[in-house]
Amino acid sequence: MGPIWPSYFKDCSSVMFMVDLANISQVSSSCIQLLSVLSAEPLRSASVLILFNKRDMPCTMSLIEMNSLFRMDDIIASATQPITTLELSARSGQGLQEVLSWLESITVK
């Protein structure tokens, strides 16, 4: 789906980017896709929420490991967008309230 994403970027004010923590083999691909999204000109001022999903699975990496692997500190420091990262379990709802709070905070602006 990544190749068609740019067709949706026009007039976009926010982005929710979900990373599947249970699919370790796709983590590097997810990082490349994230960098592509962040560098897209129409999204230069969009608020970005990066969701690390499936925290309830026993075989996932920790948020510290994922932040290190993605080099999130470097990405956040060099990005033009405000970036928030959250852990989430879509299945159990863990972290969902934080996602809703983020959505509310960006729509109030």
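Just so you know, glycine gets a Cβ as well, placed from its N, Cα and C.
Any TrEMBL annotation is an automated prediction that lacks curation.
Take the CB of ASP56 (GTP binding site) and look out to 10 A: across all protein chains shown you find 17 other CB atoms. The GTP binding site annotation in TrEMBL covers ASN53, LYS54, ARG55, ASP56.
Around the Cβ of LYS54 (GTP binding site), a 10 Å sphere holds 20 further Cβ atoms from the protein chains shown.
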